[in-house]
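Asks: Dropping a structure here in structure tokens format, bear with me for questions.
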Amino acid sequence: MQSRSWLMRPFGERSTLIFLGVLLATMALVTLLHVAVPAGHPLYVSAYTVNLFGKYLSYALLAVAVDLVWGYLGILSLGHGAFFALGGYAMGMYLMRQIGDRGVYGHPVLPDFMVFLNWDSLPWYWHGFDMAGFAFLMVLLIPGALALMFGFLAFRSRVTGVYLSIITQALTFALMLAFFRNEMGFGGNNGLTDFREILGFNLRSSDTRLGLFLATGVALALGYVLCRAIVTSKLGRVCVATRDAEARTRFLGYRVERFQLFVFVVSAMLAGLAGALYVPQVGIINPSEFSPLFSIEIVLWVALGGRATLYGAVIGAILVNYAKTVFTGVMPDAWLFALGGLFVLVTVFLPRGVAGLLALRLRRRGDSDASLSAKEAAA
Amino acid sequence: MSFLRSLASRDRVFDFLVPVESPVDVRHGPILYLEDVTVSFDGFKAINDLNLTIDDGELRCIIGPNGAGKTTMMDIITGKTQPDSGKVWFGSRHDLLTMNEPQIASLGIGRKFQKPTVFEALTVFENLELAMAADKRILPTLTARMNGEIRDRIDEVLLTIGLAELRGRRAGILSHGQKQWLEIGMLLMQRPRLLLVDEPVAGMTEQEMERTAELLTGLAGKQSVVVVEHDMGFVRSIARKVTVLHQGGVLAEGSMDQVSSDPRVVEVYLGAEAEEEAV
């Protein structure tokens, strides 16, 4: 298996093939039930539900990004929401520019909130976002650049463990405060909203929603394979070595801080991509995505699903968010208690998360998948 | 100043003409040469006029009571501590005092610390793979592929350290002794010329000690091995030549029988131990 090229390696793993199979089957089934089944039929999947699934998948991609740095590198980032939100804002800026002169004030260039604030020209950093290619590039580059800068300073000074977690938390909090300010030029506390179309497709049509759901599914599949390729490479083993014995790894001649930086930047870019897919599906991006609480919630998804498996992160993100949707519908006030309770239960009874439970099942059947045994370590 | 002196000496080519990572020159015999090394911490002389010569391929045991300067000596050789004065040469070409830790390590001096640190989440095989001398930058590491040559090298070391059957097991489940051997294996993956081994048999069972003795005596010859050890029985079983350190200097040197019959040694070290045992 090791003699394959690093990008092809995940396709030799059973766990990856199962994951991709389940994901593609789900995407196909949802599409079929949405398109071919008449509305009103019990099996019909509404555009609302498709949209909801799309949102879950973008959260799942975000969880995979967090699991890459937390599960394999041991960096507990409590600020990954910041990269998610920045990707979302980059996408939001593109969608704002797409509105053109159809806004409430009908200004040909300026978004509504700028007209409202009596601005007479576009801030320099809003230029270029009318071009889809540029905007989509920024979705990756802006979170990547922030992670590069932040990671360079943090890892070079060998800030790790709980201190790094606190700094990432502070980072996202600082960004939240900054984005709340109207002077920043990102719509203040209202954020960016009232989007109309993406790449010429009407965002309110159910076909576009289906398309966005499918695009998110494809992005999740690609992101998953990329992460899997990284963790099954020798670099992935250096990451695990760093997680467990950083000084020893450095002593072997690996420049640990560079490996940390590389993986952190990849993870931030994936989080940005997740944010960019999330925004057109929910129709709004505002500073609350930067809130520290959200970033902590992401970590909870990964912990519930099971660290250092990647598929566990996906399971965790979807389960928790499904539970959230149900709970906030029935008793909105109880959700945070339910989340806390769930977390306590899982930590006590399933220290390796839902994925740990799955692995146990497989092992009882005499399975000896290498990726499963590697995960034991994470516990 | 030392640079000017090096320009003035006629028996050497200029330093900057000699590539730092050139192969070790052992044509004159010794692979490690310490002369009049002194180092003091806050006035306390941890190492005092230490002279030590290790021949190429030799297995040398270093013994001495606590505080004799054994660990400090290792620190000086590996570049962790700078001595106040003296000379430390690796072969007859490399002045170790002008190099930093990674440079010294890449030159072929491997050090095994007392407490074994292996990567517990990785398999025995993967531990050796990471330790192998290779391009350790990010992209080459990401795209690295396993090939026959690497596999053969790992298999060879697995046989040497006697863990061939456990290659696929996680290092975390290994016994204390097996972890020590794995760590020695990790050092061997870097093809060292000189191995510094700090108390390898502390906490080992009788059988594990025997295996370790076989392993270390087997390594000598192919590379030079310096073992710092407290356990007299173990030292007796492997050493051809023993150096006794005391108060930062060499007290006695020779075969185990010679040094153990040396009255000064008996007084400062063996005697102390005998007293301890009597108590």
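Each residue, glycine too, has its Cβ placed from N, Cα and C.
Found this in TrEMBL, in case it helps:
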{"type": "TRANSMEM", "residues": "A:71-92", "note": "transmembrane segment"}
{"type": "TRANSMEM", "residues": "A:132-155", "note": "transmembrane segment"}
{"type": "TRANSMEM", "residues": "A:162-180", "note": "transmembrane segment"}
{"type": "TRANSMEM", "residues": "A:210-227", "note": "transmembrane segment"}
{"type": "TRANSMEM", "residues": "A:259-278", "note": "transmembrane segment"}
{"type": "TRANSMEM", "residues": "A:298-322", "note": "transmembrane segment"}
{"type": "TRANSMEM", "residues": "A:334-360", "note": "transmembrane segment"}
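Set these features in their place in the structure for me.
Replies: For the transmembrane segment (A:162-180), same-chain residues at least 6 beyond its ends with a Cβ under 8 Å from one of its own Cβ atoms are 75-82, 85-86, 89, 150, 154, 186, 188-189, 191, 286-288, 290-292, 295.
Outside the transmembrane segment (A:259-278), and at least 6 residues removed from its termini, the chain residues within Cβ reach (under 8 Å) are 54-55, 57-59, 61-62, 64-66, 68-69, 72-73, 75, 77, 80, 83-91, 136, 139-140, 142-144, 146-148, 151-152, 155, 212, 215-216, 219, 223, 226-227, 230, 235, 238-239, 242, 285, 289.
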Asks: Sequence gap of 6 or more, Cβ distance under 8 Å, 3 or more pairs: do the transmembrane segment (A:71-92) and the transmembrane segment (A:298-322) meet that?
Replies: yes
